[in-house]
Amino acid sequence: MSMTLQPHSLIELPADLDRDRLPRHVAVIMDGNGRWAKQRNLPRIMGHQRGVDTLKDLLRCCKDWGIEALTAYAFSTENWGRPLPEVEFLMTLFEQVLRRELGEMVAEGVQIHFVGDLTCLPKSLQAEIERAVAATANNQKIKFVVATNYGGRREIIHACRSIAAQVKAGLLDPADIDEVLFERHLYTGGLPDPDLLIRTSGELRISNFFLWQVAYAEIYVTKTLWPDFDRSAFHEALRDYQQRQRRFGRV
């Protein structure tokens, strides 16, 4: 697979979108791969493979249109409960895609990050992740965050334990604990919170994703299944986003 895309009708930012009001950070819950495959009498793994192509195009689209960061919810802590052959396929797919796409990501200026408990992943995948993060660390065109073995509740517990350890060691006064400090101990420490959270397939839940980070994100749900979420669908999501008034709890 190559990140180089075919000529596209929506390469430039559509004229009806205000560049100054684009979300800085878009996060996506990529749902519907299995249903997409089932509708076509294909194995579920074909839906996941098509979903990779969709994600690559969305990453390129965000870069083309001037969005600073894209986060993809790739694998949750709960996804280990799926059938073993599917889990094994996904781990292999992640590794293959990283290995094949790294050169293009470097050339395209993509800075890749992984958030989640990576220690549970296969050692070979961990090695590819480390290599990709190191190789793209100085890139500045777009941040690409991949949530892998990620769970929002587990992340918060991890942050609490990290802070508690510093307090116990006498390195931190409990009175100094605030939102800024807490955020530094999250997997996403140093990354901006999402402005827009997109969920495909029509499900009305956030599935234990970014429980802290989406506190003030605008949420957009589409019935489009993830493999069918193209630039036109993303355009519609951004149009909807720009019609909203973000109040952040104020009047």
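The backbone N, Cα and C atoms fix where each Cβ goes, glycine too.
Here is what Swiss-Prot says about this protein:
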- ASP31: active site (ACT_SITE)
- ASP31, GLU218: Mg(2+) binding site (BINDING)
- 32-36, ARG44, HIS48, 76-78, TRP80, ARG82, ARG199, 205-207: substrate binding site (BINDING)
- ASN79: active site, proton acceptor (ACT_SITE)
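Taking the features listed in Swiss-Prot, we show where each one sits on the structure.
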residue : record                       : Cβ contacts under 8 Å, 6 or more apart
GLY32   : substrate binding site       : GLY47, THR200, SER201, THR224, LEU225, TRP226, PRO227, ASP228
GLY34   : substrate binding site       : ARG44, GLY47
TRP36   : substrate binding site       : GLY47, ARG50, GLY51, LEU225, TRP226, PRO227, ASP228
HIS48   : substrate binding site       : ASN33, PHE89, LEU90, LEU93
THR77   : substrate binding site       : GLY116, ASP117, ASN149, TYR150, GLY151, ARG154, ASN208
ASN79   : active site, proton acceptor : VAL87, LEU90
TRP80   : substrate binding site       : VAL87, ASN149
ARG199  : substrate binding site       : VAL28, ILE29, ASP31, ARG205, ILE206, ILE219, TYR220, VAL221, THR222
GLU218  : Mg(2+) binding site          : PRO23, ASP195, LEU196, LEU197, TYR241, ARG244, ARG246
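Among the listed recorded positions, namely ASP31, ILE206, the Cβ with the most fellow Cβ atoms inside 10 Å is that of ASP31. In three-state terms derived from DSSP, GLY34 (substrate binding site) belongs to a helical segment.
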